[in-house]
Every structure is written in C-alpha cells, then in structure tokens.
Amino acid sequence: RFIAKPCAINLGIQDSGPHRAQPNAILEKVFTSITKSPDGKRLEGLSKQLDWDVRKIQRWFRHRRNQDKPTTLTKFCESMWRFTFYLSIFFYGIRFLWTAPWFWDTRQCWYNYPFQPLTSRLYYYYILELAFYWSLMFSQFTDIKRKDFLIMFVHHLATIGLITFSYMNNMVRVGTLVLCLHDASDFLLEAAKLANYAKYQRLCDAFFMLFGVVFIVTRLGIYPFWILNTTLFESWELIGPYPSWWLFNGLLITLQFLHIIWSYLIIRTAYKALVRGKVSKDDRSDVESSSEEEDVTSNSTKGVFSTSSNGSNRINGHVASGQWTEE
C-alpha cells in the first residue's frame, strides 16, 4: 500500500481492470448459478433466447470471467511483496549458511545427530519460512485458481510438512540447505513478473531466462545430487535407517517430481520464446485472450486443436495476449 503501489503508479501501471461485460440479467443468472463456461448446446439455446450471435455470447462470458480478475496494479503489488520476501530471505540464508560447516560438507548435517544445538538464527530462519508457506497455503484458496492449483497444493503441503517435520526431528541443518536452494530462483521469477506488469518486455524476458537457468540448475542438478544424496545415502551411512527416514525422504522425492514437471513447463515456455522472439503467455494465465473463443471456434472448423491458456493463478498470468505471465 505504501511502497509497492506508489512504485507501480510511477511506472505507469493503472488501477483499471479488464473490459466489463454488457449488463444482461439472463446471462448473469447463467454465469452465477449454472456455469461460467457454457458448452455448445447451452450457447445455442442462449443464442435463440436472446437473439444474439454465439460468438457474441462467448465474448460476453469471457469478459464476465475476466472482470472478476484482480487489476494489474493489484498483481504488481502482490509480486513486489513476494519479490521482497524471497530476495531478503535468500540473502539472509546465504549469509547465515556461508559460515555453517554443513554448507560446505553435507556430512556435517548428520554428525552428532540428533544432539545438535538450535541457534537463534536457525530458529528465526525456520519460523519465517514456515509462516510464509502457511500464508501461501491459505491464500491459494482465495486467489485466482490456476491450472497448476493441484500441483501447487501438493507443493505447499510437502514444503510445510518438511519444514515442520525436520524442525520437530532436529533435522534443521539439512532443512536450511533445502530452503536456501529453493529461494535461489523464486525472486527472479517475481522480478520477471514485475518487469512484465511494467511492460518492460526485454527485461522480463531476461529475468525469465535467468530464472529458468537457475531453476533447472538448482532443482534438477544441485537438489538431487547434493540434497537427496545426503538424505538418502550419507544419513543412512552415518546414523542408520532411523524410523522417520522413509517419510522424510518420501517428501523430498515428491518435491523432486514437482521440480521435473515445472522444469518441463519452463523449458516449453522458453522454447516458445525463442520461436516467437519473446516470452509468450504462460500456461497458468488467469486472464483470457481477447480472441480465445473465436480462435477455438475457427480452429475447430479446420480440424485443428487449439489449447487455451486460461487457467482460471498460478504461477501463481496477469497480462493480455502475447505476453508472458506467471509460472
């Protein structure tokens, strides 16, 4: 309210939402009581009832869906908050871990386990991260629902479970490594969103490409060969198969599967960017293209399948057609 909003206004971001749908009592009743995306049969019935063209009714429903979406200013402020948190917590974690022996030798995570001291810096690092992910868990149900809602829900559950579980079992050393590794790329994604909302397309593309590289290196390289290696093999070697070993590593492996899915989506988006010359609209977009229904209709008559990018978060898009949005 006091920092992000003035920044957005100085960048020329207006507090105006999508085009509002023309008032119509019949269509509004269908939208609120029956369906927000009517099928072909219902569209034909509404067309006869209102004496409207089917495309006009499709356009009305699209505008009506988009009119409930948050404005670009609201989304800019949300991304700026997340960018600030991710950046701050990442540098806090790096500064703290730089002098920690287990940052350079992962076997130190298991020496003298479970009799390892919990310092105040470790405690606050954990509590801050846990509080933030709980906030994401709750806000996910009030934010725009995106295509990857289920994936994000599983991710938040696994993350909260891991933070809580590792804290209760005093596995905070390896836990700090996991947290810091995940924070390394998140602030770059939020920076790309901020540049996108401000319509700095080249800066957005640069941040997104950098995010993609860091994400893939950390989540598909460092995470399995550094984190999973110490939790699966080094812990087994040094302290043996403790009772919670299977649950702990099961949650970590679940995260790895999510990393693979997201890496595929990032690579696909980057490929589209190289083909089109700029980063295209993300598959999680929550604002529909201005020609979505028309494109689907025309393509279906030609026997061509068109994939709609309408997701409602997600991430966690927030701009018009032709621009990249959320991850």
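For all residues, glycine too, the Cβ spot is worked out from N, Cα and C.
All annotation found in TrEMBL is predicted automatically rather than curated by experts.
According to TrEMBL, the features are:
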- 29-72: DNA-binding region (DNA_BIND)
- 301-315: compositional bias 'Polar residues' (COMPBIAS)
- 27-71: domain 'Homeobox' (DOMAIN)
- 74-275: domain 'TLC' (DOMAIN)
- 282-327: region 'Disordered' (REGION)
- 83-103: transmembrane segment (TRANSMEM)
- 123-142: transmembrane segment (TRANSMEM)
- 207-226: transmembrane segment (TRANSMEM)
- 246-267: transmembrane segment (TRANSMEM)
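Mean pLDDT of the predicted structure over the domain 'TLC' (74-275): 89. Same-chain residues lying 6 or more positions outside the transmembrane segment (207-226) and placing a CB less than 8 Å from one of its CB atoms are 106, 177-178, 181-182, 184-185, 188-189, 191-192, 195, 255-256, 259-260, 262-263, 266-267, 269-270, 273, 279, 324. Sorting the DNA-binding region (29-72) by DSSP state (H, G, I as helix; E, B as strand; all else coil) yields 31 helix, 0 strand, 13 coil.
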